[in-house]
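Here the structure comes first, spelled out in structure tokens, and everything after it is commentary.
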Amino acid sequence: MTEIVEIFTDGACRGNPGPGGWGALLCYQGREKTLSGAESKTTNNRMELMAAIRALETLKRPCRVHLTTDSQYLRQGITCWLSNWKRRGWKTANRQPVKNIDLWQRLDQVAAQHRIEWFWVRGHEGHPGNERADALARSAITNGEEK
């Protein structure tokens, strides 16, 4: 587990809820792989989660990963909130059910297979990996398919 897989993810939605898409760019040893998908009625947060989940599910073995997102919801959720949610039986600090629990549980399971560092960048600020993931997510909404 010495080589690092760089992953850039983004989610997009036209309306919230509305048609949504997600995109991911994976970079490893000079090679790139792009992934994207869409749902007809979803939220931006669900698309952010799906981008990370599908990117991590694509990895064929345990890896060191640097995952970069422009979603504070995703980064804060996985690095800060998740352990508390699990300890409380998947309830928030206000004792409410965690939103998007199906995706958080799926992300928790797939993330446990890897050694991941989570990074946040401000969206639409010209970060090349984030811009490509954003373009994939927006294109997926228009094309409505998984690639």
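Cβ atoms are placed via backbone N, Cα and C, with glycine included.
In the three-state DSSP reading, ASP10 (Mg(2+) 2 binding site) counts as strand. Annotation comment: Swiss-Prot describes ASP10, ASP134 as Mg(2+) 2 binding site, evidence class sequence analysis.
If you look up Swiss-Prot, you'll see ASP10, GLU48, ASP70 marked as Mg(2+) 1 binding site, on the strength of sequence analysis.
Residue counts of the domain 'RNase H type-1' (1-142) by helix, strand and coil are 57 helix, 47 strand, 38 coil (DSSP-based). Here Swiss-Prot flags 1-142 as domain 'RNase H type-1', drawing on sequence analysis.
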(message) Quick check for the class: what is the C-alpha distance, in angstrom and rounded, between ASP134 (Mg(2+) 2 binding site) and GLU48 (Mg(2+) 1 binding site)?
(response) 10
(request) Would you list the other residues of this chain near Mg(2+) 1 - those whose C-beta lies within 8 angstroms of the C-beta centroid of ASP10, GLU48, ASP70 - in sequence order? (result) THR9, GLY11, ALA12, MET47, ALA51, THR69, SER71, LEU74, GLY123, ASN130, ALA133, ASP134, ALA137
(message) To the nearest Å, how far is the Cα of ASP70 (Mg(2+) 1 binding site) from the Cα of ASP10 (Mg(2+) 2 binding site)?
(response) 7
